[in-house]
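Take a look at the structure set out below.
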């Protein structure tokens, strides 16, 4: 690879070129959109310079239009963004304390500035130490909030004045999280919680994850959890989980669907999550059923019954009677109960729904839409899906089988080629994550140079994940990294295969902010996302501000795209004050890499 720095804008565009690009842009705007543009994902393989179809011509014209619009604004683009005020240290767009639902309309009117870290912010400790010890200045939570609950003091210990230590065997849930997980395993019929993967449990949606102790234990069992909790101005469960290096994102389903397809998770877990399941015509429970795979489990734990008596019959009446009634209408069965924990299993037989009484909840007639914050539906989803495969029947072999690829409509040769591309690319990417490439005399790190620390990155995001093969490449190389695999809503919806592979991810519209707190990711990666977004007329300036918001200080950005778009991105990287270097892949294409690192900025 050739390392090259882009240090300025292009020469002034000639009048003829200006006119030509203007005509191309006008044609692009006037020609109706092709249906295929909203369903075809961007390719990982560098495209040919000769475009043989309308979709490619339209895409290139959109890039040319964006390029023209960008450079016609001149040197004003080079001005650095100011730092936001202290009041926005933990700013999350699209959310406020008065509305439970996500609303991004007012976020577009906010001042454009860089969200700075708090005054006492420190770089997080590397994994796995950072799982158990975090800096108090990195999260918006006070010691009083920790110590105000008697149960919390069992699992937390404050070290000196600036650290919080999470006990590895804590008192989060009754006798400890390990005992709690073992209890769930017993109700399923397993000998130990270590058998979760063998029982088909690879992915868990954890609703209201507390401080992430259950999720941390699942990670140790090679189970992938994802925590969701509503937005909180202080003491956020999501912020704490991410600070510990555990998968999490802001989310609730009070009135809208979660950004996951039907049949996404092997288990849904709710421990003291505060949800009243029998309101809104049971649509909250129906949303759990929608994202739960056939044969999957719903675990509900609540200690509220203690005040109403200690007998098993009293507990069952106070907690599960109404949920039991609803569960029968959606073909769930109560599989076990121990103490305050109840476990239901979703049917593995799709014929169950046709054998119910007429008074039962109906089956959805059409549930093939992309579930991006759509309103909740009063019907049962996913029953006609090709992905209706009970978790107990799923192949235990490593890798993705030909039959699974066929279900998802993916050609095996295309999938295998994508795997090889990312195996090779990751070797190059990882070696580039060093300040050496930003020196006055940049070079590719050699054998004599120190390699990047093995545990340098924990929280990673692939902003245009396609099949999730960057995630797979990281696992193959033994990196202790989890990846938030994001699939753009207007690209081909490949999130189902990502989740079916045991990874985590979400659908997202990159014209909007991502539902997370500031400084929560160590690395952001995107392949051809900028070209994809240019066809959507999204603001790349706002995208870079959002990337800066969610990226940790000293975190990394790796972008792969066409040369023209990468040049624009390099200029925007300077505006958000990142160190940046453009790298020539030297494969004969116009593809380039942009490698950036965010500095620790403070006022």
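From the backbone N, Cα and C atoms, a Cβ is placed for every residue, glycine too.
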For the record in Swiss-Prot, which of the ranges 13-33, 34-54 is the transmembrane segment one? 13-33
Counting Cβ atoms within 10 Å across all protein chains shown, which of the glycosylation sites 96, 393 comes out on top? 96
If I take the alpha carbons of residue 96 (N-linked glycosylation site) and residue 393 (N-linked glycosylation site), what is the distance between them in whole Å? 43
